[in-house]
């Protein structure tokens, strides 16, 4: 199986600008390629894992990645289908860019990676040059046909967001001309921007050897967006989402989804994935595929040490049937792996659920209590006025809050 065929088998290729040329380039040559990450937030999410896996697979094949962090495009914002993006300040955009670059460097550790920030060149273009030299080369009708733009026409789209496509096209041209990048990689939602970049290179350089690939949008089996838990977006930054929450998310992936996730989100070889697929069909209760998926992802985005902490946390939470069975050393680890709220005073359960992010609001917290889904250790709490005090603690310090079977948090006095 060729490298291109492996990418197809892994469901990592949705669109190709020229399949014959892309296949030849990836299978028989060494190519410099780029993938962009806009710093719209302070952290990557697990939704970025599709692109990261693709980068790692390309590296393993000997191809050379250029990672573009969009310090400039992050100031503009790629058009959303539903609403106008809130503009970031220059300071926030550059801070986010630095944070995301740091995360990517940790994930792509010991790999040959070149990092660039498009603020370096896009900030140097004055408005007259932008309109005369580049705006002239973009057809409005073509831009209006792009999916995200077309979706927004009825409600309205600003010229700022409308111009995003031109800026991303300029990125591809700059990297093609100055860094010898021939291939752009992006999600399927970026396909319109990728093809616009190819067209700009053709017009400015009179060449047609630049190429583009898009990866599919990864959805859960119910059609919802991949990478969100009950609490919201799963961030790579451990201070924004605990590694244990990500561990739990992937450990509970359904049998319908797990094999596709193994293909698209890990570097596990084909034969091993096929064996895991067979085991899932014959012995689904063992959940070997889910365990392999979880272990690979936590090790990739965090570390093998953090993986062991997550495994140990799971053992502690699911092996202690009674409050008295916990040991004090268990809580030393739980403070590292669960979301914790520290307090010196009694706290209403409703407030504690919000503070520990087990509920998004007091009204939601009350609904959870009414539905009998809230426990202190393993005792169900049914009173809306219940207050957590030192009397509820273990070792005069710790209270374990549970919502349902899988969501846990810690109150520390």
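Any Cβ shown, glycine's included, is placed from N, Cα and C.
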Looking at 225-229, 230-234, 235-239, which stretch does Swiss-Prot describe as motif ''KMSKS' region'?
225-229
According to Swiss-Prot, which stretch among 29-38, 39-48, 49-58 corresponds to the feature motif ''HIGH' region'?
39-48
Find the longest CA to CA distance in the recorded L-tyrosine-binding set 34, 164, 168; express it in Å as a whole number.
18
Looking only at the domain 'S4 RNA-binding' (347-413), what are its DSSP counts of helix, strand and coil residues?
19 helix, 22 strand, 26 coil
Sorted by position, what residues of the same chain at least six away from residue 228 (ATP binding site) have a C-beta under 8 A from it?
234
Within the domain 'S4 RNA-binding' (347-413) only, compute the mean pLDDT.
93
For residue 168 (L-tyrosine binding site): intrachain residues, at least 6 apart, with Cβ closer than 8 Å:
36, 73, 78, 190, 193, 196, 197
